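TrEMBL lists 3-116 with the feature domain 'Gamma-glutamylcyclotransferase AIG2-like'. Annotated active site, proton acceptor per TrEMBL: 73, in sequence order.
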């Protein structure tokens, strides 16, 4: 099965180790239909017809890896999974649970839809 990683699971990000044994198939840009928000330590993707899309990577994973990702993403409480089409086939995409919209009220929008290109606060 496949998963689309758009945030901390991407190569070089804080949770990339969860996909260390997965097969990276390639980079992919989801077209319009999604918005990405910065919740601080991690992003939240939501379905939105006016959204600009998401940039990420597609990985081939097994059942055990999916179970580990479900725990990380707190599926189905914090995130839900939806199937999307990619050049390699259908992939799971974790979308932020709409029932938790209160967290998005103050969250900055990542306009380009690319977590790795977001502007980080100066330290």
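Every residue gets a Cβ built from N, Cα and C, even glycine.
Long-range Cβ proximity for the residue listed as 'active site, proton acceptor', meaning a same-chain Cβ under 8 A and a gap of 6 or more residues, is found for 79, 94. Mean predicted confidence for the domain 'Gamma-glutamylcyclotransferase AIG2-like' (3-116): the pLDDT average there is 95.
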